[in-house]
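These come from TrEMBL:
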- Tyr33, Tyr154, Gln158, Asp161, Gln176: L-tyrosine binding site (BINDING)
- Ser215: ATP binding site (BINDING)
- 38-46: motif ''HIGH' region' (MOTIF)
- 212-216: motif ''KMSKS' region' (MOTIF)
Amino acid sequence: MDAYERITRNTSEVVTAEEVRALSESPEGKRAYVGYEPSGVLHIGHMLTANKLIDLQETGFEVVILLADVHAYLNDKGTFEEIRATAEKMKQQFIAYGLDDSKTQFVLGSEYQLDEEYVLDLHALELETTVARAQRAMAEIQRGEHAKVSQMVYPLMQALDIEYLDLDLAVGGLDQRKVHMLAREELPSVGYGSRPALHTPILADLTTGVGKMSSSEGVTISMEDSTEDLEEKVNSAYCPPTADPEPDDAGNERENPVLQIFQYHVFPRFEEVRVERPEKYGGDLEYAGYAALEADLESGELHPADAKGALATYLDELVAPGRELL
Ligand code: IYR
């Protein structure tokens with residue numbers, strides 16, 4: 001796999017392919033980042049972008065994780081005290097999950113976002129951006145129904161982060177795309193360059209396959225789950241024998257979360273995936289890549305129950321180091 005393929009594998013969107021290709025030609029010393037609001041429990045939805053950071057690290061990028069405490073505060077996630085305690089825990093969990101500590105820079109947003117220069121740039125950006133534009137950028141991130149002024153400031157700060165952290169590449173889930181588009185368009189209006197972005201898919205809700213996996217609603221696989229929790233949750237997950245399920249009765253699009261987790265979490269981290277089965281059901285199956293597993297689930301060769309059993313085992317291996325921090 002060449003550097004460009006490694007950097008862009010398992011992404012939903014590359015903005016733009018030309019710009020990312022140019023970075024992939026000399027990744028040494030280039031800087032990429034993801035920002036996270038420290039709140040709630042870290043779950044595997046967060047870890048999808050962490051896997052992308054691992055890919056970037058392995059191609060030579062320097063990786064920055066922004067623990068966005070001010071953003072979490074602006075988005076009504078708690079007091080600074082609560083948010084900072086979560087940020088510290090989050091940092092330890094990222095390292096436990098497999099990010100190379102010596103090559104990862106962790107930054108707390110408040111370390112630089114309250115500096116005079118940053119705040120004045122923020123005000124300049126406020127002057128350039130319409131309320132409608134900021135609100136659109138926040139539609140998929142905003143907490144609560146009625147947008148607050150703080151939530152309009154939020155995407156402008158996220159745009160400025162890209163400049164202030166001296167980044168070459170912004171990474172985020174697909175829900176961050178409108179903020180990154182705003183950054184690409186508006187940063188030049190305050191005298192800064194625009195940067196490319198990579199967007200990862202959003203994991204679907206585990207039990208329904210509808211909407212996104214979230215820690216405030218539905219069942220999530222968290223970095224604190226016990227082996228038994230994992231078995232139980234995966235066992236009751238939605239897993240039809242297809243990667244492309246029909247919409248539900250209300251017409252909502254659906255994904256197969258079991259296959260998503262195999263594709264975005266298990267295969268990127270394990271060379272070979274083994275599904276154990278008793279001899280009378282055909283014995284063990286081995287997969288060297290995601291596509292073969294998907295094909296077997298679709299053909300009926302691999303039963304959803306056996307796929308779930310294997311998934312719980314691999315997830316347990318991924319979650320175990322973080323669990324030990326508890
Ligand atoms: N908007 C993100 C958190 C965040 C991301 C980046 I990249 C920043 O520069 C700042 C905040 C979220 O929804 O979690």
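Cβ coordinates are placed from backbone N, Cα and C, and glycine is handled just like the others.
Under DSSP, Tyr154 (L-tyrosine binding site) is assigned to a helix (H, G or I) in the three-state scheme. Contact annotation for binding-site residues (Tyr154, Gln158, Asp161) versus ligand 1: Gln158, Asp161, each with CB under 6 Å from a ligand atom.
Here the motif ''HIGH' region' (38-46) has Cβ contacts under 8 Å with residues 67-69, 72, 77-78, 83-84, 86-87, 89-90, 93, 173, 202-203, 212-216, 220-224, 261, 265, 315, 318, 322 of the same chain, all six or more residues outside its ends. Counting every protein chain shown, the number of other Cβ atoms lying within 10 Å of the Cβ of Tyr154 (L-tyrosine binding site) is 26. Cβ contacts within 10 Å of Tyr33 (L-tyrosine binding site), excluding its own Cβ and spanning all protein chains shown: 26. According to its DSSP assignment, Tyr33 (L-tyrosine binding site) is in a strand. For the L-tyrosine site, whose annotated binding residues are Tyr33, Tyr154, Gln158, Asp161, Gln176, the maximal Cα to Cα separation is 17 Å.
Counting Cβ atoms from all protein chains shown, Asp161 (L-tyrosine binding site) has 25 others lying within 10 Å of its own Cβ.
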